[in-house]
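Asks: Please see the structure below; I have some questions.
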Amino acid sequence: MSEPPAAPLTTADGVPLKVSLRRTVRRSKIKALLLVAPLLAFLFIAFLMPLFEMLWRSVDNPEVSTHLSRTVSALEGWNGESLPDEATFAALAEDLREGQQERNLGLLSSRLNYEKSGMRSTISRTARRVGTLEPPYRESLIEVNNTWGELDTWKLIQREASPYTISYYLAAVDLQLSPDGEIVQVPEHMQIHATLFWRTLWMSAVITGLTLLLGFPVAFLLASLPARHSNLLMILVLLPFWTSLLVRTTTWIAILQSQGVLNDVMVALGVIADEARWQMIHNKMGTIIAMTHILLPFMILPLYSVMKTIPPSYMRAARSLGGKPFLSFRRVYFPLTIPGIAAGGILVFILSIGYYITPALVGGQSGRFITNYIAYHMQTSLNWGLAAAIASILLFVVIICYLVFNRLIGVDKVKLG
Amino acid sequence: MAIPSYATRGERIWHYLFLFICGLVFLFLIGPLLVIIPLSFNAEPYFTFSKKMVAFDPAGYSLRWYQDFFTSSEWLNAIKNSFIIGIASTLLATVLGTVAALGLSSRHMPARGAIMALLISPMIVPLIISAAAMFFFFSKVNLAQTYVGVILAHTALGIPFVVITVTATLSSFDTTLIRAAHSLGANPTRTFFKVVLPLVTPGVVSGALFAFITSFDEVVVVLFIAGPEQRTMPIQMWSGIREQISPTILAVATMLVLLSMLLLTTLELLRRRSERLRGLSPD
């Protein structure tokens with residue numbers, strides 16, 4: 001005798017339980033999303049849109065196509081083997097005349113000057129005299145400035161007519177396009193960015209290594225002391241962590257500068273002569289010392305939280321099994337701390353390659369980071385496209401480190417204090 | 001950490017050496033902060049200890065740099081700006097961040113990992129990059145050189161801290177308490193204000209403190225997007241360190257160290273309170 005098939009479970013109002021459950025889950029999903037939505041919208045506007053704007057700016061190339069629109073269309077189909085025809089020169093004269101009247105040739109001339117030095121003065125000189133020029137323009141323009149008689153100038157205009165460019169990215173790594181469109185290195189005396197990228201990376205690696213070297217014993221001590229003592233010592237780690245970055249940088253200036261506290265003490269103790277004071281600041285050493293100090297808590301805290309979870313009995317067991325202290329440490333304790341080392345290391349490295357304030361204040365000329373050049377191009381040279389390209393490359397490096405961090409540790413495991 | 005009784009002589013030496021090294025690292029961590037406090041009372045306009053200071057001669061010490069600070073309209077204006085921007089962005093970040101954290105701790109939150117990674121990203125992206133990007137975008141929409149622009153920027157930077165601390169508090173939150181409140185006849189609003197909020201408050205307050213200190217200490221973004229009207233304390237310090245280096249900076253630094261001590265104590269008290277409250281809940 002077979003039993004009748006069981007009726008599907010239903011809720012009190014007759015809806016099948018499965019359907020009802022699915023509905024509830026969907027409702028709470030929507031509720032959760034609605035709670036997060038305002039913040040997502042905010043971050044989209046205040047944070048992501050600016051980042052997109054920056055990425056866009058690093059390839060945006062509107063100057064030639066807007067300010068030399070007639071010339072650009074006259075150059076269509078030009079083969080680049082001999083100088084363009086009279087119509088093209090006439091178009092250029094017309095473009096420059098209009099630009100001169102509306103006084104908007106500045107961006108154009110800077111843009112072309114990034115690619116071919118001398119173009120700024122060529123354009124301003126030509127534009128000043130373009131009102132009085134008579135046809136045939138080919139001869140009269142070349143007479144004003146013989147740059148217009150060079151094939152390379154015209155090839156440049158033709159190339160930069162494209163609304164997008166990779167030349168900012170090339171410039172960010174010390175490359176450029178030759179007149180024939182090949183990628184070549186910039187002249188040696190102008191190479192700066194690649195060096196700075198490497199310096200930023202290796203100095204950050206050194207700083208990460210130093211924080212690990214100094215942070216490991218301290219984290220070990222904190223993790224193995226009873227809570228009463230370790231809480232007290234923890235304050236010594238947390239206080240600098242909570243102190244303003246500028247304050248900590250200032251203190252290092254006061255301590256390390258040549259008329260500073262450390263040099264004065266050394267002179268008073270007779271360790272060094274008054275004339276031979278140590279140069280510890282406004283160079284690489286200043287950046288490394290100050291940044292190691294500033295980033296040390298970021299290494300100690302993750303290390304400590306990992307070491308706290310390692311039962312002390314493991315070491316005792318290793319010893320009782322006959323392991324020598326060093327061997328037991330290396331084979332038992334140390335491998336267990338690797339997640340902490342990875343977390344602290346990546347964190348310090350990410351923070352370090354993006355540091356701007358400290359290298360700018362204590363780094364001098366030789367201790368500068370690539371970030372200082374982003375600021376330089378933003379504020380001084382006003383080459384915003386290049387600043388955006390350098391920043392985008394740095395952003396890319398940081399995102400890769402962040403993804404590795406997220407994969408290894410999980411960003412929601414980050415603890416503060 | 002006591003030395004076990006079976007330790008050999010070499011191990012004992014190694015142990016004391018280890019403690020000595022740790023002592024040096026602690027000195028490295030805290031020493032600089034201790035050096036500037038007496039220096040800020042220097043009677044001379046130098047960044048180092050004068051002979052009179054070393055001899056503990058009262059004439060070597062003075063409060064002139066503090067007086068300088070409290071009578072300078074530039075510094076006072078900078079403090080005012082810092083508080084306006086700090087408080088406004090903290091409020092905004094705390095409200096948005098807490099609400100989002102409530103959603104993120106729901107069991108049914110879809111794509112939690114990706115959303116969390118996105119919400120934390122302002123903390124990870126280097127400040128100089130955020131600053132440059134915000135400068136480009138904010139000048140396009142006419143928010144550069146305005147209070148609103150700086151406040152929005154600082155809110156974005158403070159949000160990760162609020163999200164991290166509040167989700168951490170919520171993850172250890174006992175959800176049966178909500179059901180208990182419901183079963184005792186409380187409606188959702190009452191449950192939120194009487195049960196959820198008191199337990200979550202310590203987390204929210206410490207998140208808010210983190211957000212405030214982030215804004216209060218932030219230089220790079222302000223440097224790029226603020227105009228002369230929005231000069232904050234860190235900017236004033238920054239230009240002080242770069243241009244006319246005067247010990248007034250050390251006086252400000254000392255006061256900021258005291259402020260961070262105060263904040264640290266508050267956070268510790270909050271943490272204890274949170275643990276105590278949680279202790280009442282059946283685990």
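Placed from the backbone N, Cα and C atoms, the Cβ positions cover glycine too.
From TrEMBL, here are the annotated features:
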type	residues	note
TRANSMEM	A:32-52	transmembrane segment
DOMAIN	A:197-405	domain 'ABC transmembrane type-1'
TRANSMEM	A:201-225	transmembrane segment
TRANSMEM	A:232-255	transmembrane segment
TRANSMEM	A:288-311	transmembrane segment
TRANSMEM	A:332-357	transmembrane segment
TRANSMEM	A:384-405	transmembrane segment
Asks: Spell out yes or no: are there three or more C-beta pairs under 8 angstroms between the transmembrane segment (A:201-225) and the transmembrane segment (A:332-357), with each pair 6 or more apart in sequence?
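Replies: When sequence-distant Cβ pairs are counted, the transmembrane segment (A:332-357) touches the transmembrane segment (A:201-225), since at least 3 lie under 8 Å.
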Asks: Taking the transmembrane segment (A:288-311) as reference, which of A:32-52, A:332-357, A:384-405 has the most Cβ pairs under 8 angstroms?
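Replies: Result: A:332-357.
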Asks: If we skip the immediate neighbours and take only residues 6+ beyond the ends of the transmembrane segment (A:384-405), which ones have a Cβ under 8 Å from one of its Cβ atoms?
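Replies: For the transmembrane segment (A:384-405), the list is 51, 54-55, 57-58, 60-61, 114, 165, 168-169, 171-173, 193, 197, 343, 346-347, 349-350, 353-354, 370-371, 373-374, 377-378, 411.
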Asks: Can you name the far-off residues of the same chain, 6+ from the ends of the transmembrane segment (A:32-52), with a Cβ under 8 Å from a Cβ of it?
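Replies: Here the qualifying positions are 395.
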